[in-house]
Every structure is written in C-alpha cells, then in structure tokens.
Amino acid sequence: MEMLEEHRCFEGWQQRWRHDSSTLNCPMTFSIFLPPPRDHTPPPVLYWLSGLTCNDENFTTKAGAQRVAAELGIVLVMPDTSPRGEKVANDDGYDLGQGAGFYLNATQPPWATHYRMYDYLRDELPALVQSQFNVSDRCAISGHSMGGHGALIMALKNPGKYTSVSAFAPIVNPCSVPWGIKAFSSYLGEDKNAWLEWDSCALMYASNAQDAIPTLIDQGDNDQFLADQLQPAVLAEAARQKAWPMTLRIQPGYDHSYYFIASFIEDHLRFHAQYLLK
C-alpha cells in the first residue's frame, strides 16, 4: 500500500491510499477518515459507495461527514466506483465502464477481466482495512445513486455483515430503468434472470425476515432522475410487503447533488451509530 495524501481533519486524519487489487487486476485507490482515538476500543467502519462518474474523493471533499464521524468515533472508508487504468475496458458514455462499475461482478467480455467490484467490496477491501488499520469488525454501508444501489445490494446479499444500511437517491430497481438496463446488458449479458441477483427490489422480495436490518433512504423530490431512474416507491412497496424495517424520507426541494447529501449526512451517520456502537 502507498499513501497518496494525508490531512489533519477534526482531530483525526483524512488519508488516501493506493494498493494493487488482485480481485480487479489493477491498482485501486480508496480514501479513509480515521477519527481521533477515544479509548482502547477499535472504532467501527462505515463504507460509502459513490455514484456515476465519481471516484473516492467526491464524498471526502463535498459531503462534510468528517466532523460528525469524528464526534461519533466512526471510520469512513470510500472506495472508487470502478476499476481503472489504460488496460481496463471503458466506454464513451458516462454511465458505463470506468466510473460506472455498478458494484457487481461482470460476466461478459470485455468487462469480466476487471469489473468485479462486488467481490472487491465484500472481501478484498474489508480485509485490507482490517489488516492495515485499527478498526473493529462492526460495519455499516451507505451510498448515493449508483452507490445507493451498491449499498443496498451489498446489505441484501450478505446477511449479518452490516449492522445497518442507508442510501441517498438510490437506483433501487435497475432491471427496469435505463441506467440499469444499459449497464446490466453490457456487464451481465441479455439473460434478465441473471440481472435479478443485482436488483435491490428482487433481492428484498427474496429475503428472509430474520435477515432484515435497519434501512434509511433519503430522496429529494426535485431530483431530475426521480421518475425515470430511481423510483424509490418500488422498493418501499417491497419493504412494506416484507415488513422490512425501512424508512423512506422524501425531502422537499432537494435535487440529486452533493448539496442534498451534505444536508442530511449527519442524520445518516447518527442513524448508523445507533447500531454500530451497540
């Protein structure tokens, strides 16, 4: 591992690291916020997954999460949104390829060689964080848009791994919206049954009651993508039918930007702290 940056921040440290990923077959970068030490108890971790076109720095520089994370004693880990590099397959569109990994394991050429973000987030990155930093094994997950989709599927596919999950303006039903259809067709092929494994609504309908974890979703009602790409009401209906403990908050006047995330990130951190710090 190589440290790229380090900054003092709210008595803790904001760092950026590069490492060689055996899962993704390329170098990867992640950011981490380490809160000031409180006692001898290792702090829990909140993983944050960003959206289309983003990297590990968007949340770090725009969300303003460090102050509350420092107060609560929560480590923040921000991975990149895809594998990257000259040898990594890409596309001219902003919504496919580098910066648009969709947090799944691709099965189709040319994507399958590198695009295994699901395995990276489930196994390699947490193991690296555990081995290199003083953290506990308690973790939660959150994200925005494509990253909200990522956070939800990570939680739904890995019962017991996370204490809680939250999302801002998530893509909840990718099998049925343009962003998801484009990405899944390329990464997973035309067999739509294979898509269901990566769709939060399908996963929630297939879930077991004992695996449900506290879930918080915020959605701005002035989000330009609300009607055609996001459709949180579809997941809310799945949660209602499954009696899944999910709160969906529609926030009047807010859009899809980091101004929206910055406005409510404190709520999300305090929500996760209830379960992470038990």
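Each Cβ is built from the backbone N, Cα and C atoms, and glycine gets one as well.
Taken straight from Swiss-Prot:
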ACT_SITE  Ser145  active site, charge relay system
ACT_SITE  Asp223  active site, charge relay system
ACT_SITE  His256  active site, charge relay system
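In the three-state DSSP assignment, the secondary structure recorded for Asp223 (active site, charge relay system) is coil. In the shown protein chains, 21 other C-beta atoms lie within 10 A of the C-beta of His256 (active site, charge relay system). According to its DSSP assignment, His256 (active site, charge relay system) is coil.
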